[in-house]
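In Swiss-Prot this protein carries:
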{"type": "TRANSMEM", "residues": "40-60", "note": "transmembrane segment"}
{"type": "TRANSMEM", "residues": "87-107", "note": "transmembrane segment"}
{"type": "TRANSMEM", "residues": "120-140", "note": "transmembrane segment"}
{"type": "TRANSMEM", "residues": "145-165", "note": "transmembrane segment"}
{"type": "TRANSMEM", "residues": "186-206", "note": "transmembrane segment"}
{"type": "TRANSMEM", "residues": "212-232", "note": "transmembrane segment"}
{"type": "TRANSMEM", "residues": "269-289", "note": "transmembrane segment"}
{"type": "TRANSMEM", "residues": "302-322", "note": "transmembrane segment"}
{"type": "TRANSMEM", "residues": "334-354", "note": "transmembrane segment"}
{"type": "TRANSMEM", "residues": "358-378", "note": "transmembrane segment"}
{"type": "TRANSMEM", "residues": "405-425", "note": "transmembrane segment"}
{"type": "TRANSMEM", "residues": "439-459", "note": "transmembrane segment"}
Amino acid sequence: MANRSEEAEYENDSRRNHQDKKKEGVLDLVLKRPLRWLRMLIEELHWSFFFGVIIVYGVSQGLGKGLSKVSTQYYFKDEQKIQPSQAQIYVGLIQIPWIIKPLWGLLTDVVPVLGYRRRPYFILAGFLAMISMMVLWLHTNLHLALALSCLVAGSAGVAIADVTIDACVTQCSISHPTLAADMQSLCGLCSSIGSLVGFSLSGVLVHLVGSKGVYGLLGVTAGLLVVVGMVLKESPSRSLGRKHVNDKFLDAGSAIWKTFQYGEVWRPCLFMLLSAAVSLHIHEGMFYWYTDSKDGPSFSKEAVGSIMSFGAIGSLVGILLYQNFLKNFPFRNVVFWALSLSVLSGFLDLILVLRINLKLGLPDYFFIVVDEFVSHMISRIKWLPLLVLSSKLCPAGMEGTFFALLMSIEHIGHLVSSWGGGVLLHALKVTRTQFDNLWLVIVIRSLLRVIPIGLVFLIPNVDSNSTILPAEMLTSRISEGVDTEKIEMTALISDEA
């Protein structure tokens, strides 16, 4: 009997020890290991760089994107009282500073201010965004043209800060090559968490302080960019003469033109431009419908914000799916199937507008949450292989500037799609109070998504492990080319269609 009791006690002790080790393992995975990782990055890269990444990617881009998207929709609808077709056009205008990102990149690389190439541009970006947001917050009955100017200026501030922190990240990647992947993960993590928090809080904040009050909060977050510029550790650099700066701009243009003469480069670029341009955006029409339509769900501000937060979660799931299961498949195959699913997901809006979901017993909120989650997940899966492909199209010596140019081409496509969606909404007479033809807008939008499927032959049928450019473009350096040190860290950051 004594032996049996000792054996039972020994088994209980072993079971308890196993459970304790399991709990310690979970605690180490969830808390201790991430904290050790963050501490390592701070010690290796300097705290000011770490602070800059959190502010730019997490606060300015992530949190700011979530707050500004919802507040701008309500600002156009409630303060400016414009039609959904107009709002769709103006949303496209706000993105123009992102189209000229290569210009900001060249400025930060070749035009130092007072001997510094990074810190002054953070300060400029912060003041530009802060002043524009404060004007929107404090000014009553602001004229539409001035309001648009402020929104564009705020967008420019975020874009300049984005380009500048990209340069800092790449500089650290050069000096600490073993930490390059860790830095990209840090950037993406900050942006994703910031976006999720921003969208989750946006509806509540718009309800409590109004859309203009949210702009006041965004002005405060923009002020943090000024702090980044003041505390960032940077060594002074030699100022360049005006002639030398002009020569570098001319050399950059010549090198870019030469690169675009390769079919391996211009064909994927043409696909990115056309596929984005024909995928019309009708977000503002849908927003007006599910907030103002008598036959619609009449969602509150809080509900709108929470719906968009599920879109951010869908983007994260899309990233995880691609990174873990799809990244080794050929680019063309992944994009083809993502485009096919995108066509089908477009008709989910039709089911909602025709109220078929209610006949099936599916509540509006549940159905829209699923729609938002699925559409953002598919959009992210479609976009990631194009991002990886773009990184392989950049010739040696000008990777940063050329990558920014490729991203600008995609932004041009999104601008065309936003304006095209506005024209379609206007042509079919979808207004603040009339939504009779919204179903037809959705059908046309969804059918146009078929066009890029017929253009996938422009994408090279290779995977992420393949080399696309000729060897001489990968090994040679541009003798008098652009002194760029900037490779985009946008795998988890870029906005979506």
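Using the three backbone atoms N, Cα and C, a Cβ is placed for every residue, glycine included.
Note that the coordinates shown come from a computational prediction; the quantities given were computed from them, not determined experimentally.
Among the stretches 40-60, 87-107, 269-289, 302-322, the one making the largest number of Cβ pairs under 8 Å with the transmembrane segment (212-232) is 40-60. Within the same chain, residues 52, 60, 75, 104, 107-108, 112-114, 146-147, 149-151, 153-154, 156-158, 160-161, 163-164, 212-213, 215-216, 218-220, 222-230, 232 sit at least 6 positions outside the transmembrane segment (120-140) and bring their C-beta atoms closer than 8 Å to a C-beta of that stretch. Ranked by Cβ pairs under 8 Å to the transmembrane segment (358-378), the stretches 186-206, 302-322, 405-425 are led by 302-322.
Sequence-remote contacts of a segment are chain residues at least 6 beyond its ends whose Cβ falls under 8 Å from one of its Cβ atoms, and for the transmembrane segment (87-107) they are 72-73, 76-77, 121, 148, 151-152, 155-156, 158-160, 162-164, 166-167, 248-249, 252, 281-285, 288, 400-401, 404-405, 407-408, 411-412, 414-415, 418-419, 421-422, 425, 482, 484, 486. Long-range contacts of the transmembrane segment (269-289) within the same chain, counting only residues at least 6 positions beyond its ends with a Cβ under 8 Å from a Cβ of the stretch, are 73, 76-77, 84-85, 87-88, 91-92, 260, 296, 304, 339, 342, 349, 353, 386, 390, 393, 406, 409-410, 412-414, 416-418, 420-422, 424-425, 430, 432, 435, 438, 441-442, 444-445, 448-449, 451-452, 455-456, 458-459, 497. Only residues 6 or more beyond the boundaries of the transmembrane segment (145-165), in the same chain, are considered here, and those with a CB under 8 A from a CB of the stretch are 52-53, 56-57, 60-61, 64, 68, 72, 75, 80, 90, 93-98, 101, 104-105, 108, 118, 121-122, 124-133, 135-136, 139, 218, 222, 225, 228, 404, 486, 493. Under 8 Å from some Cβ of the transmembrane segment (405-425) lie the Cβ atoms of residues 83-89, 91-92, 95-96, 98-102, 256, 269, 272-285, 386, 390, 393-394, 441, 444-445, 488, 490, 494, 497, all in the same chain and six or more residues away from its ends.
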